[in-house]
Structure formats: structure tokens, C-alpha cells
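Going by TrEMBL, these are the annotated features:
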- A:16-37: transmembrane segment (TRANSMEM)
- A:260-289: transmembrane segment (TRANSMEM)
- A:267-387: domain 'ABC3 transporter permease C-terminal' (DOMAIN)
- A:310-336: transmembrane segment (TRANSMEM)
- A:356-376: transmembrane segment (TRANSMEM)
- A:408-427: transmembrane segment (TRANSMEM)
- A:439-466: transmembrane segment (TRANSMEM)
- A:495-514: transmembrane segment (TRANSMEM)
- A:733-761: transmembrane segment (TRANSMEM)
- A:740-857: domain 'ABC3 transporter permease C-terminal' (DOMAIN)
- A:782-807: transmembrane segment (TRANSMEM)
- A:827-847: transmembrane segment (TRANSMEM)
Amino acid sequence: MNSLVKANVVAYRRRYAAVIAAITIGVAFLAATLYVGSSVRATLGASVGQAYQKADLVVTPDFWKAEEPPKLTPAQAVEHVKSASGVRATLAYENTMLGAELAGGQESVHVTVTDGDTALLGTGLTEGKAPGVGEATLNSSAAAKAGLTVGSTLTVQVMPEGGKPVTKELTISGLRQDPQDPSSAGYSNLQLSKQGAEALGLTFTPATILVGVEPGTDTAGLVDQLGAFFTEEGLPWAQVGTAEQRVTEQISQLSGGVDALTWVLGAFAGIALVVTVLVVANTFSVILAQRTRELALLRTLGARRGQIRGMVLGEAVIVGIVGGVLGVLIGTGVVAGGAAVVRSAFKLPYVTFGFTWAPVIVGLLVGLLVTVAASLRPALAATKVSPLAALRPSDTVTVRSKAGTTRVVIGLLLLLVGAAALIYGILPNDGGSDAFQTSFGMAFLGGLVSFIGVLVLGTLLIPWAVRQLARPFGAKVSGRLAGLNALRHPQRTSAIGTALLLGVTLVALMLVGATSARSTLNSELAKQYPVDLVISSSAENPLPASLQDAVAAVNGVESTAYLTPAGATPGCPGYGSEQEQANSTCAFAVAGDEAALQAVGTDGAKAPRLGMVAVGEYALQSPDGAVPTEVTLSDGAGRTVTVPIDTEAAAPATRIVMTEETRTKLGLPTTTKTQDEADGYMGPGPQLWLKADDTVATGTLMSEVAKAAGVDQGNLDGALPIRTIASQIIDTLLMVVSALLAVAVIIALIGVSNTLSLSVIERTRENSLLRALGLTKKQLRGMLALEAALIAGAAAVLGVLLGSLYGLAGAKAATSALGGFTPGIPWLWLAVVLVVSVGAAVLASVWPARRAARMSPVEGLAVE
Amino acid sequence: MSIQAPEATALAVAAQNLTKTYGTGPTAVTALDDVSVGFERGKFTAIMGPSGSGKSTLMHCLATLDTPTSGALTLGGSRVDGLDDDALTTLRRDRVGFVFQAFNLVPTLSAEQNIVLPLELAGKKPDAAWMAELVERLGLGSRLKHKPHELSGGQQQRVAVARALLPRPDVVFGDEPTGNLDSSSGAEVLRLLQRSAHEDGQTVIMVTHDPVAAASADRVVLLKDGRLAGEIIAPQVEQVSSALARLGAAS
């Protein structure tokens with residue numbers, strides 16, 4: 001039987017190739033995920049470990065934790081450690097920061113002050129010697145950057161206690177390796193001796209003592225002995241350990257986030273593997289269905305059912321091992337290569353590929369398990385083949401299978417319960433943080449449960465969707481045949497469609513969810529900040545109206561509006577009596593051209609109507625929390641008017657905004673005074689509002705605008721920075737998640753292609769018959785392409801619809817704390833998902849279709 | 001040896017010096033060796049010969065399913081050798097009908113859809129009266145909506161015959177059409193082919209190794225080792241059997 005298993009895998013290797021490809025991708029994803037975790041850990045180890053790499057023991061006394069100064073002085077502590085038996089050398093050090101001048105310009109530098117044998121320092125000397133008084137060593141890349149060499153001088157600023165800053169010159173006595181600790185990255189690193197530091201007026205309290213021990217010393221005993229000593233001396237928190245122990249401790253402190261990353265990536269790998277199971281199971285059942293006669297022949301020749309089952313599982317084991325090995329190799333290669341690229345491209349020498357056996361073992365096991373689990377049902381079905389089947393004509397018969405009643409009931413139940421929970425989750429809640437967590441949790445669980453329901457109902461949904469899609473093509477016989485063929489084996493079509501549906505739904509969910517979250521965030525932001533950027537005037541820059549053109553001309557500015565003060569509430573200094581100023585809030589009004597205001601508002605922000613004003617969220621505070629419907633404004637010369645508030649229009653948080661027409665109508669004055677002018681005027685000066693067209697990076701735009709207006713960047717305010725940061729975060733997340741989900745879609749598309757090519761093999765006779773009866777090659781290819789497009793299209797359309805619903809619901813639940821909800825549908829991207837799914841399926845049909853078309857009718861008809 | 005020259009216009013199908021070689025060099029096999037043969041319009045002809053005599057190859061070449069290595073072929077009065085695949089496909093669709101041993105119905109289509117399939121592929125409407133008559137004659141009235149797997153072998157083959165006859169092709173080819181049928185269903189199919197030749201003037205060419213089936217034809221063409229080996233006009237079963245036995249013994 002073993003030889004038969006091997007022979008079968010070899011003979012059917014082309015049919016198994018797609019199964020292996022699917023398993024390979026799934027396992028590669030999993031192995032890569034695990035290796036990312038271990039590599040981040042190894043990288044941390046390499047960077048953290050550098051400091052301790054030359055020491056045997058590390059002691060951290062943590063003197064600062066003592067509430068009152070301990071009897072033991074730091075110097076005594078160091079002395080004690082040094083004199084302990086078995087200790088060869090010690091190096092006590094402390095890290096601090098100083099201001100320094102290396103090459104022009106003042107900068108902050110990391111300083112390591114050492115006392116003892118500097119050979120124990122993690123960063124070894126690359127040139128020169130250890131520093132004495134008036135000397136320092138510098139890390140080599142900082143020296144290269146500043147153009148300093150051994151013998152050059154640099155200056156440091158020291159701030160003695162209670163004294164004035166003092167500038168001291170230091171000579172570079174040597175250069176050291178660059179520290180790889182992430183916390184000192186980007187800083188220059190100076191190293192001083194204790195005496196040198198004291199000469200500069202710095203105090204020295206050793207934070208860490210590195211210990212070198214004599215060969216053959218009982219290290220564990222020394223650790224215990226030193227630990228006991230510090231506890232006795234009133235420093236029970238002092239940490240004593242071997243260098244390896246301390247590195248491991250620090251990594252585990254730092255790597256909590258690594259585990260979370262591994263889990264998140266693992267979830268995506270899990271999705272990819274679920275799709276793999278669907279694809280593999282389907283392919284196995286198709287391959288075995290096509291081998292019915294062969295299996296029956298074996299039965300006729302005396303094979304027992306168990307032997308047939310064993311043979312099929314044996315084939316699955318081989319396929320699983322091959323896929324697993326390839327997957328582990330690829331996954332390992334991708335992460336190892338990625339680490340190498342990052343290491344050299346970003347000059348981060350401590351980026352390390354962390355090889356462990358776990359991903360190899362897990363990857364191989366998962367590959368094997370996934371394949372064997374997926375082949376169990378087909379293997380059982382194969383044992384049901386009766387010996388007689390070998391003798392029957394092999395004409396394939398349309399299988400009319402009905403979805404099991406149990407399956408439908410379970411699916412519907414899951415769908416309904418899930419949908420109910422989802423709807424509960426997106427209903428309005430009281431806005432509390434507990435309520436938010438409950439409703440988001442309900443929405444998430446509901447979505448998950450209902451989607452499982454949908455997948456269970458896939459055997460009904462997918463064929464139904466295929467039938468609907470096929471309808472318009474029924475007019476032509478080749479179109480009708482494509483539709484009928486797509487539905488010929490409803491189980492195959494459903495299984496493969498479900499796999500694609502799973503991937504496409506998740507991608508669409510992310511797209512719609514992220515877009516809706518973004519548009520909700522934008523419209524909520526627009527309520528608080530109806531303007532992208534506001535340029536305020538100051539005493540130094542009165543912001544004359546002529547500047548508007550200069551700002552409007554800045555690349556990336558879509559439109560601008562120029563606003564001038566137009567009175568204020570009587571609560572403002574100079575606009576009401578002293579009593580009014582004491583009792584009511586102060587808000588200044590500004591006015592601008594209506595068309596410009598309309599154009600400059602962020603999405604959803606409107607200009608106030610004629611005769612009305614827009615009031616910012618925090619401009620008016622009424623003691624009872626009631627929302628005011630009108631506001632009284634003073635012209636600053638004793639006249640007041642009461643104006644209704646346009647609640648649909650938005651204004652910056654503390655401002656009142658109106659159009660020029662309204663100002664004229666109300667008879668409010670135009671002020672051109674600017675803030676802080678000599679007469680004590682406290683109100684705003686003229687303002688320039690602008691809207692960004694989002695083609696230029698926010699930082700660049702802000703500095704260009706500030707330059708054009710001749711103001712400091714501090715005079716810019718508005719929604720733009722927060723809007724672009726939020727958009728960037730959402731876009732990045734979306735891109736990463738979509739890329740991760742794309743793996744599942746790719747596996748599903750492999751499944752579509754494989755199922756189609758197997759069907760083509762199965763229908764060789766039939767296709768040849770159609771050719772004999774007058775179907776042209778082109779029509780045959782078109783028919784097969786349409787069949788693939790129908791299956792992929794049905795799954796993709798369902799997936800996009802479902803994913804959009806879930807995306808809207810998810811975004812609604814996630815943003816419920818913001819108050820409002822603005823749905824956003826990325827039509828273009830959804831269309832791209834549809835086109836890619838259908839296009840890839842059509843492309844996948846090209847090869848089998850060409851093969852089918854190339855075969856001459858005679859050859860095909862001769863095939864059994 | 002030549003039986004009736006291809007120039008004769010009364011011929012539905014004519015082959016001249018048809019040769020078909022498979023493979024090249026020392027392993028080359030000559031399936032047809034310089035065969036010239038004509039088939040009269042409205043006649044039912046059987047092609048017979050021992051296994052490996054080239055009878056199937058001859059039929060495939062005549063039906064344009066296979067391309068001869070050399071030689072000329074005329075179908076319905078026009079030359080068809082040297083046409084490209086699309087032209088041959090269209091030609092088959094419009095001018096050739098097939099009845100296979102294994103029925104070869106499209107399993108996803110009903111009996112009726114199978115019958116009209118070649119016309120649909122050609123984008124033509126079936127002649128309703130002719131369709132009705134065929135259905136009546138073949139006794140398929142109650143079976144039109146059934147899928148092939150719901151029909152008996154005899155019924156499936158009658159559907160195949162109807163499919164071949166409906167477009168009124170220049171020639172209907174039968175490849176062992178009774179090979180998978182019991183004797184009464186087989187006899188029924190042969191009667192139908194005979195009747196279409198005699199009553200409707202349909203040219204029918206059938207490959208068979210069954211002397212009983214061959215005896216229902218107007219003429220039997222004998223083949224051996226890829227060459228013509230004689231013919232029998234108005235054959236009887238015994239005549240055909242003994243001719244076959246002679247051919248077999250000679251090898």
C-alpha cells in the first residue's frame with residue numbers, strides 16, 4: 001500500500017500542486033508570524049545585552065529607593081563587591097545627560113560615568129584609550145558625524161548645584177562602539193571617568209556595578225552572597241544576578257508588546273489556515289471523486305475499506321509534509337531576509353533574526369494537521385466506493401445535493417442570534433464607558449456569530465448567488481452551460497465560494513469600517529474645528545488682508561477666508577459694564593465673506609445664515625447647561641443687538657462667526673486692532689482661515705503657510721494636524737490589515753483555480769463533445785472563464801455586501817463614544833476588491849481553458 | 001484501390017488519397033494508407049474492418065474531427081482539407097452530425113436542450129415541424145424534460161440521433177452507435193438511421209464491427225491495415241460475417 005501511496009502522489013502531483021501551494025502559504029504565514037515574535041525578542045536581547053556582554057555578574061543596588069540615606073555609601077558598596085572572593089574586577093557606572101557642543105550647535109548627550117575596570121563596559125574601545133581627568137571617550141558614529149577624532153576637543157555645559165552653568169572643555173581620549181540600547185539611539189554618547197566627572201563638578205552615584213569573576217568561581221554562590229550582603233545593609237531590593245539572567249529579565253519586561261503582536265498576527269494566520277482547510281478539503285474531495293473508478297478497481301482487487309482510507313490519509317500526510325516543509329522554509333526565509341534588509345538598510349546592527357525550533361515544529365505540525373483534518377471527510381467518502389463502481393460507465397452525473405436540514409437550522413440560528421446581538425450593540429447607548437464596552441463587545445460577538453452562521457449557510461447562499469449572477473448569461477448556450485457547470489457540484493462550488501467569501505468579507509469589512517471611522521471622526525472634528533487651519537494675528541504681525549493671496553498661493557491650500565473682529569459679548573473687557581464682565585462669559589465675534597466661509601469649512605461645516613451667527617462649542621457657557629438659542633453682542637460703543645444662533649453652522653470652539661452681510665445688517669463694527677496692542681485690547685485681531693487639499697504633508701504645509709503669512713507656527717491652530725494624524729493611523733492600519741487578509745484571499749483564489757482545472761480534467765470528454773458539435777475554441781475558453789467568474793463573482797459580491805454591512809456596524813459600534821456617525825463607503829476600493837477577485841479567477845481559468853481548447857475532439861472523446 | 005472517384009457530384013463525402021500517420025521516424029504508425037473512397041448522398045454506408053484496420057481513423061478524418069496527414073477531402077461538394085480549426089468547427093456545426101457509442105449527451109442539459117444544442121451553438125432556430133416529427137418518430141415526447149441520467153441507454157441514444165438529424169447535416173456519422181445497447185434498442189436505432197436515409201435522403205456513415213448492424217446499411221466498405229479491402233452492396237449478415245472472417249484470417 002505504501003508504494004501505491006507514493007506512486008499516487010507522484011502521479012497526481014499536478015493535481016496536488018495547488019493543495020501544496022495553499023498549505024505552503026498558510027504555513028509560511030504562521031511560521032513567519034512566530035519568527036517575527038522571536039526575532040523581535042532576539043533583537044531586544046542583542047540591544048539590551050550589549051551593555052552586559054563583557055560582565056559576568058550585574059549588581060543594581062538602587063540606592064534611590066531608600067527613603068533615608070542608607071548607612072552603606074555607594075563607594076563602600078562598590079568596595080565590598082570588589083573585595084568579595086572570586087571577584088576579578090568591577091566597573092560601577094551611572095548614566096546621565098549633559099548639554100554639549102560637538103560640532104557647532106548645542107545638543108543633549110548621554111553621559112556614562114564609570115569607576116573601575118572599563119574593560120567590562122559593553123561598548124568596547126575602537127581607538128585610543130580610556131579617559132582620565134579632562135578627557136572623555138565618544139561613540140564612533142557621533143564622532144564621525146561631528147568630524148571629531150582622538151585628540152579633538154568638545155565642550156560640555158555643567159550646572160553645579162545652586163551655581164551658574166559652566167562650560168568646560170574635554171579632550172577626546174578614545175572612541176567607543178555605538179551603544180545599541182534603543183533608549184540611547186540618536187544621542188551622542190560620552191564616557192567619563194569618575195574622577196573626570198567630579199572634576200567637572202558632577203556627583204557620582206553608581207547605578208549599576210558590572211562584575212568580572214575569576215575563572216572557576218562558584219557564580220551562583222557569589223550571587224547569593226552579594227544578595228545577602230545588600231539585604232543586610234538595608235537594600236533588600238538590590239538586584240544581583242548573572243548577566244544572562246539580567247538580560248532575560250529586561251527582555252521579558254520589554255516584550256509584553258511582542259506577545260500581543262504575535263497574537264494579533266497569529267489571528268490573521270489562523271484566518272488564512274481556516275481558508276486553507278476549506279480549499280484543501282475541497283480539492284481532496286474533487287480529486288477522490290475523479291478517482292472513483294480507480295478506488296473501485298482497488299476494491300475489486302481485494303483492498304479493504306480501511307486500506308483505501310489509509311491510502312488516502314497517507315497521501316494527505318505526504319502532501320501535508322511537503323507543504324509544511326516548503327511553508328516553513330519560505331516563512332523562515334522571509335523573516336530572516338527581512339531582518340537582514342532592515343539591518344543593512346537602516347544601519348541597525350542589533351536587528352537579529354531569532355532562530356528557534358518552535359516555528360519549525362509548529363509549522364510542520366500545523367501543516368500536517370490541517371491537511372489530514374481536511375482530508376478526513378473525503379477519505380471517509382472514498383471508502384464508500386463499491387467495487388461495482390469500477391465496472392460502471394464513468395459518465396459523471398449531476399449530483400443533486402440538498403443542504404442538510406440540521407445545517408440550515410444551525411446556520412439560521414447562529415445568523416439570527418448573531419444579528420440580534422449586533423443590532424443591540426449598535427443601538428444608541430447612554431455613552432458611558434461601561435456601556436460602550438458592553439455594546440462594542442456585543443456588536444463584535446454578534447458579528448462573529450452571525451458570520452459563522454453565514455459560512456454554515458454557504459451551501460445555500462453561494463449556489464443561489466451563482467444562479468442569480470448566471471441569469472443574464474443564459475441567453476447564449478455557452479453562457480447557459482457555464483452557469484450550469486458552475487452549479488454542477490454545488491458542494492464544490494459552495495466550499496470554494498465560502499473560502500473566498502471569508503476572505504473578501506473581512507477585507508471589505510476593514511475597508512468600509514476604516515472609511516466610516518474616518519468620516520465619522522472627520523465630521524465630529526468638523527463640529528469642534530470647522531476650519532483646517534486658523535492663522536491668528538499678533539502685535540508683531542497684524543495680518544493685513546493683502547496676505548490672503550500669499551497664503552492662498554501656498555501649494556496644498558484649497559481655499560482661504562479673511563475674517564475680522566465684529567464685536568463681542570458684553571462679558572468681554574471693553575464691551576460691557578464691569579458687572580457684566582464679572583457675570584457672563586466672554587466670546588469674540590468674527591465676520592467673513594459668505595462664499596469664502598462656505599468654501600473654507602471642513603466637510604460638513606456650513607456658514608451661518610443671514611441674520612444669524614454660529615457659536616463655537618465652548619464660546620457660551622450657561623450656568624444651567626441649557627443650550628442658548630440667541631446671543632447678545634455689543635459693538636464696544638454701548639450698543640447691543642441680540643442675534644439668533646444658527647445651530648446647523650459651526651464655529652471654532654471659542655468663537656462666534658457671522659457673514660459680512662450679517663455684520664452689516666446688525667451694524668457691528670469692523671476692528672482691525674490686534675491682540676495685545678498697547679491700549680490693552682484683548683480680543684482677536686484679523687484671522688485667516690484656510691482649508692487644505694490634503695495633497696501636501698501637514699508639517700510641510702504648516703511651515704509653508706506660516707512662512708507665507710510671516711507668522712510663527714504657534715499662531716496656527718485648527719483641525720488639520722489631528723485630522724491628518726488620525727487619517728494616517730487609520731490608513732496605515734488598514735493597509736497592514738488588508739495585506740494580512742490578502743493572504744487568505746490568495747489561498748482562496750488558488751482554490752478557485754484548482755477546482756476549475758480539476759473540473760476541466762473531469763469534463764474532458766464533455767468539452768470535446770461540445771467541440772465536435774461545433775463549439776469554437778474561443779467559445780470554450782469563454783465558457784470556462786465565465787464559469788470561474790461566476791463562482792468568484794458570487795462569493796466576492798456576497799463578501800463585499802456582507803463586509804460592508806459588518807464594516808458599517810463595526811464602525812458605528814466603535815465610534816459610538818463620539819456621538820454621531822457618518823457612514824463612509826470606499827466605492828473605488830470595493831470595486832477593486834470585486835475586480836481583483838473576479839479577474840484573478842478568470843486569469844486562473846486561462847491555463848486549464850487553453851489545455852481544454854488545445855485538445856483535439858478525437859483525443860478528448862477517447863478519454864475514459 | 002479506388003471506389004468511386006471524388007469528382008462525382010452525387011457524393012456527400014469524398015476522400016482522395018487520404019493518409020494518416022501518427023508519430024515520426026521508426027515509431028511512426030500509418031493508420032490510413034492512401035485511401036480514396038466516396039459516399040453517395042442519401043445512402044446508409046457502414047465502414048467495417050478488424051480491430052486496428054483504421055476504420056475509426058477514417059471516420060474521424062471524414063468527419064473533420066481529425067486532420068489527415070495528406071490527401072483531399074470533399075464534404076457536401078466543397079473542399080475541406082487545409083481549413084483552420086475555427087473553420088472546421090463551424091463546418092462541423094453546420095454540416096456534420098454525430099452519434100457516438102457512449103451517447104455523449106451533455107449531462108447538465110435536458111433531452112430537449114441536448115437535441116437543439118448544435119443549432120444553438122450555431123445561433124440558429126430549430127425547424128419546429130421537423131423537430132416535432134423527429135420527436136414523434138423517435139418516441140421521445142414524454143422524455144424531453146428529463147436529464148440524460150434519467151433516461152435508459154436506448155433513450156439516450158435516440159436523443160443523440162435526434163440531435164444529429166435535427167440540423168439536416170450533409171452527413172451523419174455513427175461511431176459504433178449500437179455498441180452500448182441491448183439488441184432490441186440497437187435494432188431500433190439502426191431502423192431510425194435507415195429510415196432517415198431512405199425517407200429523408202440523409203447521408204449516414206457508420207463505423208461498426210457488428211455484422212448484424214452492418215447488414216442494415218445499403219453498402220459496406222471494408223478496411224484492413226489502413227487500406228480499402230472491398231465493398232458489399234445490399235449486404236446480408238452472412239456475407240458480411242464471412243468477408244470479415246476472410247479479412248481476419250488473411251492477417
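Placed from the backbone N, Cα and C atoms, the Cβ positions cover glycine too.
Under the criterion of 3 or more C-beta pairs below 8 Å, with sequence separation of 6 or more, the transmembrane segment (A:733-761) and the transmembrane segment (A:408-427) do not qualify as touching, having fewer than 3 such pairs. With Cβ pairs under 8 Å as the measure, the transmembrane segment (A:495-514) is packed most heavily against A:439-466, out of A:16-37, A:408-427, A:439-466, A:827-847.
In terms of C-beta pairs under 8 Å, the stretch of A:16-37, A:408-427, A:827-847 lying closest in packing to the transmembrane segment (A:439-466) is A:408-427. Summarised by DSSP class, the composition of the domain 'ABC3 transporter permease C-terminal' (A:267-387) is 101 helix, 0 strand, 20 coil. For the domain 'ABC3 transporter permease C-terminal' (A:740-857), the number of residues in each DSSP class (helix H, G, I; strand E, B; coil) is 102 helix, 0 strand, 16 coil. Cβ atoms under 8 Å from those of the transmembrane segment (A:408-427) belong to residues 439-454, 456-457, 460, 809, 812-813, 816 of the same chain, restricted to positions at least 6 beyond its ends. Long-range neighbours of the transmembrane segment (A:16-37) within the same chain, counting only residues 6 or more positions beyond its ends whose Cβ lies under 8 Å from a Cβ of the stretch, are 9, 258-259, 261-262, 265-266, 268-269, 272-273, 275-276, 279-280, 283-284, 287, 315, 319-320, 322-324, 326-328, 330-332, 334-336, 353-355, 358-360, 362-364, 366-367, 370-371, 743, 746-747, 750-751, 753-754, 757. Averaged across the domain 'ABC3 transporter permease C-terminal' (A:740-857), the predicted model reaches a pLDDT of 86.
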